[in-house]
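> Take a look at what TrEMBL says about it:
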- A:6-26: transmembrane segment (TRANSMEM)
- A:33-54: transmembrane segment (TRANSMEM)
- A:60-82: transmembrane segment (TRANSMEM)
- A:89-107: transmembrane segment (TRANSMEM)
- A:136-158: transmembrane segment (TRANSMEM)
- A:189-211: transmembrane segment (TRANSMEM)
- A:217-235: transmembrane segment (TRANSMEM)
- A:267-286: transmembrane segment (TRANSMEM)
Amino acid sequence: MDLITQLLVAALSSGTPLLFATLGGILIERSGIIQLGAEGLMLMGAVAACLTYLHTGSLALTLLAALAVGAALGLIHSALTVTLRANQIVSGLAMTLFGTGLSAYLGKSITGQPIPGAVPKIDLAFLEPVPVVGDLFAHLDLLTWLSFLLVIVLHLFIHRTSWGLHLRAIGDNPPTADVMGIPVQAFRYGCIVVGSMLIGLAGADLLLVYSPTWIEGMTAGRGWIAVALIIFARWNPLRAMFCAYFFGAMDTIGFKIQLIGSAIPSYFLKMIPYVVTILVLMFLGYRNRNKPSGSPEALGLPYIREQRF
Amino acid sequence: MNETYSLEMRQIVKTFGPVVANDRVDFRCRPGEVHALLGENGAGKSTIMCMLSGVYRPTSGEIYIRGKQAKIRSPKDAAKLGVGMVFQNFRLVQTLTATENIVLGEKSSFWRGPGWLRRKEEEIEAIAKRFGLLFPVDRPIWQLSVGEQQRVEIVKTLYRGAEFIILDEPTSVLTPGEAEQLFETLAQMKAEGKTVILTTHKMKEVMAAADRISVMRKGRMIHTIAKADTNEKELAKLMVGKESAAVRRESRPRAKGPVLLEVRNLDVYGDHGRLALNDLSLTIRAGEIVGVAGVAGNGQKELAEVLNGLLPWKKGKIVFNGREFKTASVRGAIEAGISHVPENRMKSGLAGSLGVVDNLLFKSYRSGERSKYGFLRSASNREWSQSLVEQFDVRTPGLDTPVRQLSGGNQQKLLFAREIHRNPHLMVAVHPTQGLDVGATEAVHRLLENLRDEGRSVLLISEDLDEVMQLSDRILVLYNGSIVGERGREEADRETIGMYMAGIRDEKEEAV
């Protein structure tokens, strides 16, 4: 494998958890609710997956646990932001702080225990001879294939179904959606809960596939990167895929440089994804300075029906 | 449950906190008529229609549709009963296409491939054609003109099978030509047996389009009458509660003052890099009111902003009082003597949660009379505020009352007090009477005329053509960011101005 192929493979594996979290976030924010709890949700998903796997050894139960934890936290976020109309930023930050703290407590007993090979790989032997493609796709695990599928499903859902149309309307103009008979609040609940489940799954993927040991705070800011990726991808699942792999590559590029034996201190190399985040934001802000951002118009605004307008 | 009525609202009461918006209102419609609901701004017309369309729920009262009592709890219920409403602020999702907006809320067919979409587009185009409502079905809403957006809204109600179609102030956003077209559509709807309810405060529309007329005033239903049995004068009397004074004031011939403001070939870019003012030139002399007419969104907002230093310009020059403006500066404009009554008084005119004194201070706190060494002179500022409040007849419970709690008219008077007491050379007033009642409108008009009589100038930007024609010494028409026509007070008539508003240039002027 040459260096570029190695980088692509690494980008795929470290980008997949980011992709899950970004897709979840897109679903939530398309409904007009700001999602800043990804870091906490991912940690909770990871610790729930780790505990379940160590106790039961069943992959299905493990994934279910991560999804369930995501759904529970999503339900809290929706109750706060949709029903009680709490500030969405504060609620999201609370999710992150709460998730970080609780996951650290729950994971105390299992810190450092390895979880090898929990997710089966799907071997596609016929792909092996093909250059690059073989290296990338011949031995991918189940969850990565699931993430590909999710991108397509979410894209079709948003752009090709009646519910997707409702979702786009709710995120842009909830009073209009309401007048057209769409249950705005129920839709928002649904999107937040399902989106949070995906973010919980992102945590499980990170733990089971990418770095198979529970360590406190193991997401190391990936939740926040996912928040930024939602914006880079301009709330579009297909673009989210490319953005996630790009940042996955940035994430691993530090290791690669270290392996070559460069003299740059590793602290600086670890900063790469975050520095790139800032640079990309600046670049996109400059390039799109005269364009609408593509963000849902009603993002961050609670909806109350009987308000004088 | 009289059989001749297809829709009946009985003793409807609606309160918002302490405010009674509708007080025991009765309203009845016959099948297949165009029924106009006439009243001033704030008379409660929109409120009662919102209850019919399920946006609000009545505090008490009953609604009967086709003789059966109807419980309308949501817009969905209303749609099921065949009630569709076109709101004054359109209910359209800007990023979706016209077709997507129209089928929004439809439950059928979860999967929507390109084939499904094409079928819907054809179906919608057929309806649009039948009623003479043309618009591009596959374009996103933000690319359509306001008139086209309204057509999308009307087709939306028809597509959903509405039998009762409510239009809330439909012509306020249209050119006179577009309004004509709308009335033809209404006639077609009537011919197909639909009941059309039209809320408006414009007498001309009522006389042009309606079969029967209900007049509302201050939240109460005053009278319902057939058009054939009444006339404009009687309706005006019912609407305002007193014989309204002859609208057009005597014009006094006056000497032309020196040039105060000279704008030459100005190019200004608005939101999203759109060219909002395109090679615009205008001149304002001392002691005249210059009215700017035009359909919303043709550069009015940008014109006001550039004169007040809120927006930079790309090309051209602005000379005010013999001095050329070098850069856009709000402070520069204030110090040069330009006052601003912005379009939305609560958004960019006043700070709602602050009191009267603070709001009055915004443009003069720097002066030595109001502050010393950076500290405000509280006691003298209160006295000064009190005198302004009295002079401008602002009714407020106290000097520290958050101005949000004042009525619209008093807010506007407060704003005028702040802007006028500095003795500006030029006042730029944008929609100065929007949402005000008759009394307050009258007061604002008097303030503007007084300014003129003192030899100061006013640039009056308004969508209300009647207001512009009533007050202005000269009328300019803004279309697509340029002045396309100019008329003196005497030679202005609605028809010509309407043509200019639609972008039809005068051939005579073109040749020059």
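Glycine is treated like the rest: Cβ placed from N, Cα and C.
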> With Cβ distances under 8 Å as the criterion, find the stretch in A:6-26, A:33-54, A:60-82, A:189-211, A:217-235 that has the most pairs with the transmembrane segment (A:89-107).
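Counting Cβ pairs under 8 Å, the winner is A:33-54.
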> For the transmembrane segment (A:33-54), give me same-chain residues lying six or more residues beyond its boundaries with a C-beta closer than 8 angstroms to one of its C-beta atoms, as numbers and ranges.
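17, 21, 24-25, 61-66, 68-70, 73-74, 77-78, 81-82, 88-89, 91-100, 102-104, 106-107, 110, 113, 115, 118, 188, 191-192, 195-196, 199-204, 206-208, 214, 217-219, 221-224, 226-227, 230, 299-300.
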> What residues in the same chain, six or more past the boundaries of the transmembrane segment (A:217-235), come closer than 8 Å to it by Cβ-Cβ distance?
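Distal contacts: 17-18, 21-22, 25-26, 29-30, 35-43, 46, 96, 100, 104, 199, 202-203, 206-207, 211, 242-244, 247, 273-274, 277, 280-281, 284, 293-296.
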> Which residues of the chain, 6 or more past the ends of the transmembrane segment (A:6-26), have a CB below 8 A from one of its CBs?
35, 38, 41-42, 70, 132, 135-136, 140, 143-144, 147, 150-151, 154, 194-199, 201-203, 205-206, 209-210, 222-223, 225-227, 229-230, 233, 235-237, 240-241, 243-249, 251-253, 255-256
> Are there residues at least six beyond either end of the transmembrane segment (A:136-158) with Cβ under 8 Å to its Cβ atoms? List them, or say none.
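Distant contacts of the transmembrane segment (A:136-158): 5, 8-9, 12-13, 16, 19-20, 23, 26-27, 30, 119-125, 127-128, 164, 167-168, 198, 201, 204-205, 208-209, 236-238, 240-241.
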